[in-house]
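Take a look at the structure set out below.
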Amino acid sequence: MKYEFGDERAKREKRNKIIAVIAAAILVVAAGLGYMYYTPKASAPTMNSKTQQDADTKVPEKAETKSSEVKSAETQTPANEQSKQITAEQKKSAQYTILIDKSDFSLTLKKDDQVEKIYSVAIGKNAGQKQQPGDLRTPSGEFKVDEIIDSSSWTHDFKDGKGEIAGAYGPWFISLETGWDGIGIHGTHDPASIRTMVSEGCIRMNNADVEEVKAKIQPGTKVIIQE
């Protein structure tokens, strides 16, 4: 029995050693797995709210440049339109007046009371102040431009046996508020008539001259006609 007990004891001690080794191995494996499981994974960098907002609202440089170019093109006025606007503004701001002196057949264009240019004109056949319709006199007084009309297609019969004359009023008829019908400043088909008493009461100018005057004035421009 003593022998059997010792042999059994040796076997038990051997089993215990094997169990201890297995247990130790299990602990090592378990520890390794636990380390792998609980080790934090590297996370991608996060953006704070300000960085995220900047990223959301940032516009590519090329897009910004294109946008500014489009705005510039939209707000830019073509050169010819700018020229028209400037001319209209200058015409509106400048105070033009017209002085017609029947005694020396002259029309003086004044800008802000300064003489800009003097033109030669023709006046009514008869001298003196106009008294009645058809008296062939040019009225004297202070008037104003009523309207400016394209008269390039107008004709007139001067009762000289030649019938209707094309271009009798030139390119423009500057109608005047005189209290008399049909009185105005206009061009002519007969440049040789300038500086004479030949009209039916209107003021005649060379066609190129009436073009110049028309470009400077507008309805409401003051016109003074003196003897």
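Using N, Cα and C of the backbone, Cβ positions are placed for all residues, glycine too.
Unlike curated entries, TrEMBL annotations are predicted automatically.
Per TrEMBL, the feature compositional bias 'Basic and acidic residues' maps to 53-72.
Among the features that TrEMBL reports, compositional bias 'Polar residues' is placed at 73-88.
What TrEMBL lists as domain 'L,D-TPase catalytic' is 96-226. Within the model, the domain 'L,D-TPase catalytic' (96-226) shows a mean pLDDT value of 97, rounded to a whole number.
As annotated by TrEMBL, region 'Disordered' applies to 42-88.
The feature transmembrane segment is assigned by TrEMBL to 18-38.
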With DSSP as the yardstick, break the domain 'L,D-TPase catalytic' (96-226) down into helix, strand and coil residue counts.
16 helix, 58 strand, 57 coil
